[in-house]
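Colleague: Below is a structure I'd like to ask you about.
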Amino acid sequence: MGSVTVSNKKPQTTSLNNYNNLATAPAANKTESVTTNNNCNGWIGGEGASAMTSAPNPKPKIVYGTAGYILEDVPHFTDYISDLPTYPNPLQDNPAYSVVKQYFVHVDDSVPQKVVVHKDSERGVHFRRAGPRQKVYFESDEVKAAIVTCGGLCPGLNTVIRELVCGLHHMYGVKSVLGIEGGYRGFYARNTINLTPKCVNDIHKRGGTVLGTSRGGHDTNKIVDSIQDRGINQVYIIGGDGTQRGAAAIFEEVRRRGLKVAVVGIPKTIDNDIPVIDKSFGFDTAVEEAQRAINAAHVEAESVENGIGVVKLMGRYSGFIAMYATLASRDVDCCLIPESPFYLEGPGGLFEYIEKRLKENGHMVIVIAEGAGQELMSEKMQTMNKQDASGNKLLQDVGLWISQEIKDHFAREKTMAITLKYIDPTYMIRAIPSNASDNVYCTLLAQSAVHGAMAGYTGYTSGLVNGRQTYIPFYRINENRNHVVITDRMWARLLSSTNQPSFLGDKCHNKDNVEEEEPLNQLPNGDLSDDTLKVNITCCKGGWQTRGRKGNKKRKKGHDE
């Protein structure tokens with residue numbers, strides 16, 4: 001008999017092969033029987049678990065292997081429902097897959113979170129590799145799938161919807177797919193449409209989402225009641241961090257009720273601020289479309305004397321779109337993002353830099369992310385602490401504000417006459433169809449999600465990690481946000497491209513004033529493997545130096561995690 005230990009504490013020995021046999025349908029050449037240790041406190045319910053018995057409070061499902069191997073696994077039906085039948089995967093009879101040398105993903109396949117290692121490094125955290133399994137837990141006629149889109153618009157939403165429908169139909173013969181209209185509210189408002197490959201055939205050519213969307217409206221009990229009443233057994237939820245938190249709550253309730261319902265998330269955020277994954281769909285399209293606005297601002301600026309073009313791009317908490325659009329354009333003189341504090345007046349400030357660039361080039365272009373500089377704006381604004389229905393902080397229009405501040409400064413100082421043009425393309429970018437790169441990525445995300453649900457996995461997000469499709473547990477997606485690290489090489493490349501100042505001030509370069517976090521990829525000799533050092537800039541012992549119009553003062557600012 002084999003044994004396996006799944007827990008939060010590192011055991012002495014582990015058999016990963018045995019664990020995979022337990023959590024997934026066994027491969028044809030795997031015949032040994034498997035038992036679990038009595039002290040197992042992970043997701044596994046054990047052989048005696050009843051289909052309608054509530055499982056214990058969930059804990060991360062973690063498997064430890066040799067040489068520091070850690071698998072952060074995703075839940076499976078067999079964790080809380082016993083004696084489930086399995087069926088041969090219909091892909092083995094699919095002509096499209098007849099030329100594939102290896103139909104199915106090996107049960108032991110996993111993808112490392114970090115690929116840059118030292119020769120003596122531990123193997124580190126891994127995620128389960130996505131793809132079709134040899135055995136599935138649904139018959140084609142049994143499946144009743146539902147698809148819902150939530151939150152803001154993003155290029156690629158319709159492509160994901162299309163590929164989910166077509167993947168279910170063409171790969172697994174699923175005929176019943178419902179579209180939930182209007183976000184989470186659509187579950188209990190009973191707004192649904194039937195989705196077929198024919199009706200979704202051309203929707204990828206259009207922006208937005210054919211299902212409609214909304215923020216908020218999440219009522220876990222009502223949603224799961226609706227899922228149960230309608231006989232839905234696969235739910236595909238497309239949305240950002242707030243939506244994925246809602247998906248995790250739905251999965252917990254489904255698991256508590258002992259329902260055979262796969263709850264699958266597909267991460268959507270145009271800001272690219274979802275952690276773990278390489279990128280989110282729609283990001284490449286957003287960066288490409290942002291070039292149009294930057295080019296227009298550059299044309300406007302260089303066509304007049306002392307012209308300034310200001311472009312506001314998306315990036316509520318993370319400045320990835322602004323950073324990558326700046327690097328791609330090469331016409332940008334200054335990029336301002338939420339992760340990098342800046343100040344306006346005094347030596348080394350933004351106004352001084354603008355004046356310097358205008359004297360040198362006669363024009364300049366500024367790109368600013370929507371979440372940058374919020375702490376510099378008036379605290380008297382009534383919406384400073386308000387949130388939208390998704391729990392996101394309502395932001396002031398920093399583009400309009402900084403444009404007016406620049407105009408007021410040069411009007412007051414009378415050092416030179418400027419002409420400033422402000423461009424805000426944010427909603428135009430959100431509403432366009434995805435480009436070729438994102439279309440391919442959306443296809444991979446959708447098909448991977450379908451493969452996982454059919455194989456009995458649940459409570460996970462389909463995402464790309466180091467170029468490989470993986471299944472990531474919800475808690476990893478929801479634990480924090482992905483931020484631009486202003487002490488890594490990518491931000492250094494941007495500073496080199498724009499020649500802008502860091503705005504941190506001399507005192508901020510004092511080692512005593514920089515609090516460092518543990519590097520994500522520290523090598524045994526203490527060096528960093530690559531762009532992995534994360535630093536919380538807390539200049540001048542808890543605040544960075546800012547300069548106001550009535551003299552110098554300190555403003556407190558913590559790093560937004």
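Positions of Cβ are set from backbone N, Cα and C atoms, glycine also.
What TrEMBL says about a protein is an automatic prediction, not a curated fact.
The active site, proton acceptor annotation in TrEMBL covers Asp271. According to TrEMBL, the ATP binding site annotation covers Gly152, Arg215, Gly216, Gly240, Asp241, Gly242, Thr243. Here TrEMBL flags Asp241 as Mg(2+) binding site. Summarising the annotation, TrEMBL assigns substrate binding site to Thr269, Ile270, Asp271, Met314, Gly315, Arg316, Glu370, Tyr427, Met428, Ile429, Arg430. The domain 'Phosphofructokinase' feature in TrEMBL is assigned to 145-451. The site 'Important for substrate specificity' annotation in TrEMBL covers Gly242.
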Colleague: Within 10 Å of Gly315 (substrate binding site) by C-alpha distance: pick out those among the recorded positions Gly240, Asp241, Gly242, Thr243, Asp271, and say none if nothing qualifies.
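Modeller: Cα filter at 10 Å returns Asp271.
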Colleague: Report the nearest neighbour of Thr243 (ATP binding site) in space among the recorded positions Thr269, Asp271, Arg430, comparing Cα positions.
Modeller: Thr269
Colleague: Quick one: Cα separation, Met428 (substrate binding site) versus Asp271 (active site, proton acceptor), in Å?
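Modeller: Cα-Cα, rounded: 15 Å.
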Colleague: Run through Thr269, Asp271, Glu370, Arg430 for me and report the recorded positions whose CA is within 10 Å of the CA of Asp241 (ATP binding site), in sequence order.
Modeller: Thr269
Colleague: Just checking a number: largest C-alpha distance across Gly152, Arg215, Gly216, Gly240, Asp241, Gly242, Thr243 for the ATP site, rounded to a whole Å.
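Modeller: Comparing all Cα pairs, the maximum is 12 Å.
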Colleague: Quick one: give me the count of other CB atoms within 10 A of the CB of Gly242 (ATP binding site).
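Modeller: For Gly242 (ATP binding site), the 10 Å Cβ neighbour count is 20.
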Colleague: Looking only at the domain 'Phosphofructokinase' (145-451), what is the mean pLDDT?
Modeller: 92
Colleague: Count the other Cβ atoms sitting within 10 Å of the Cβ of Asp271 (active site, proton acceptor), across every protein chain shown.
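Modeller: So the number of other Cβ atoms within 10 Å of Asp271 (active site, proton acceptor) is 29.
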